[in-house]
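Report on one structure; see the data block that follows.
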Amino acid sequence: MEQITKPHCGARLDRLPDCRWHSSMFAIVAFGLLVCWSNAVGGLILAQLKALGWTDNSTTATFSAITTAGMFLGALVGGIIGDKTGRRNAFILYEAIHIASMVVGAFSPNMDFLIACRFVMGVGLGALLVTLFAGFTEYMPGRNRGTWSSRVSFIGNWSYPLCSLIAMGLTPLISAEWNWRVQLLIPAILSLIATALAWRYFPESPRWLESRGRYQEAEKVMRSIEEGVIRQTGKPLPPVVIADDGKAPQAVPYSALLTGVLLKRVILGSCVLIAMNVVQYTLINWLPTIFMTQGINLKDSIVLNTMSMFGAPFGIFIAMLVMDKIPRKTMGVGLLILIAVLGYIYSLQTSMLLITLIGFFLITFVYMYVCYASAVYVPEIWPTEAKLRGSGLANAVGRISGIAAPYAVAVLLSSYGVTGVFILLGAVSIIVAIAIATIGIETKGVSVESLSIDAVANK
């Protein structure tokens with residue numbers, strides 16, 4: 001039987017010049033993230049259901065909580081399945097679950113049935129997000145992987161304003177009885193297009209195939225990619241610089257995430273995402289209430305909130321420009337310190353002008369960190385053999401903090417006012433900054449294989 005040599009897919013992918021192939025991988029993943037907005041339409045759907053008498057405050061809380069619970073389970077279990085079945089198969093599977101639950105949910109006869117569908121939507125979405133963000137890093141070269149991942153985050157985060165604009169256009173045209181159903185069918189149809197694109201044009205990750213010892217399949221996919229790049233560029237490919245040791249891949253059991261180097265990365269990734277969830281979700285959900293606590297009326301609170309939130313796409317755009325110019329550890333620590341300091345200063349303001357200006361810059365830095373944490377740093381720190389499981393576990397832990405944070409904010413806002421809330425956010429930011437500085441690893445410009453060798457060898 002012919003001996004099949006290790007194809008060294010990582011080194012071969014990293015030497016590819018930027019071309020249409022990278023852009024096509026980016027476009028498919030970015031489009032998939034942009035249109036999977038079942039979570040983004042949650043508030044819009046609840047408003048319609050309230051008008052129909054389907055929901056009250058208690059049911060609304062259940063609807064929201066069940067979504068978070070589903071995303072928690074999806075992140076946890078989805079990573080396990082994704083590392084077992086592959087990136088392409090996981091992409092298509094989780095899209096199918098998400099689409100089916102949205103379509104079935106759109107025809108729900110009552111609120112209980114819709115809540116059950118909402119849980120499944122959360123499972124599919126939680127698994128899909130882990131797969132797309134983490135899996136995407138295996139296709140991009142180490143030299144500008146952060147820039148590509150930031151671009152994906154930039155496009156994906158337009159889902160919130162996009163679905164809101166669609167809802168604004170539909171509301172005067174469709175009755176409330178059908179409006180909320182259409183709000184679910186639109187992302188389902190668009191996600192079906194994303195699935196078709198993935199089925200037709202998205203190859204399995206050669207790095208994943210190689211990590212499973214499937215050398216022949218990895219070589220076939222890799223050759224197809226290389227031939228396409230040569231056709232697109234019209235130039236021969238640069239020589240391959242092999243960074244790994246040529247040894248056969250090692251199996252990495254789930255238990256390896258709970259010991260040694262991989263445990264340290266679980267702690268690191270969880271801390272990074274805890275800061276993201278606590279800061280981001282607190283500001284998104286509580287900012288209008290915080291404004292009103294400061295004595296600003298409801299109308300002005302909404303205006304201030306809207307103006308501040310323009311910092312979100314601006315922040316991700318800036319992150320996209322600088323991501324591969326600043327070391328990852330330096331960027332994470334720097335952003336968290338800026339958020340802590342600026343948040344405290346923000347809490348002391350009473351002038352509408354200063355609240356608007358400082359709020360804009362605060363949200364800008366927060367969303368630079370969101371891009372850094374969810375799209376770049378946490379997906380990067382895992383070996384290919386355990387990438388989706390590690391990322392999924394860290395995401396699941398991060399989501400727990402997102403569940404607990406609103407209760408802490410409510411207590412602090414009632415007892416200590418706005419300053420108390422921002423002291424909490426600042427404390428979380430500083431603690432995580434210290435964690436990144438002490439146990440963080442540098443991933444800027446580092447090949448996936450270098451990270452894998454270190455982690456797997458010391459698992």
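Positions of Cβ are set from backbone N, Cα and C atoms, glycine also.
Topologically, per Swiss-Prot, Ala134 is found on the same side of the membrane as Ser374. A contact between the transmembrane segment (421-441) and the transmembrane segment (272-292) is present, since 3 or more of their C-beta pairs, 6 or more residues apart, lie under 8 Å. Sequence-distant neighbours of the topological domain 'Cytoplasmic' (1-25) (same chain, 6+ residues past either end, Cβ-Cβ under 8 Å): 136, 138-144, 148, 201-202, 206-207, 209-210, 215-216, 218-219, 222, 225-226, 228-229, 232-233, 235, 237-244, 246, 248, 384, 447-449. In the predicted model, the topological domain 'Cytoplasmic' (203-271) has a mean pLDDT of 89. Same-chain residues lying 6+ beyond the ends of the transmembrane segment (91-111) with a Cβ under 8 Å from its Cβ atoms: 32, 36, 38, 49, 54-55, 59, 63, 74, 78, 81, 85, 117-118, 120-121, 123-125, 127-128, 131-132, 135, 181-182, 184-185, 187-188, 191-192, 194-195, 198-199, 202.
When each of 26-46, 154-174, 272-292, 330-350 is checked for Cβ pairs under 8 Å to the transmembrane segment (113-133), 26-46 comes out on top.
The stretch from 26-46, 272-292, 400-420 that makes the most Cβ contacts under 8 Å with the transmembrane segment (154-174) is 26-46. Ranked by number of Cβ pairs under 8 Å to the transmembrane segment (182-202), the listed stretches 26-46, 272-292, 400-420 are led by 26-46.
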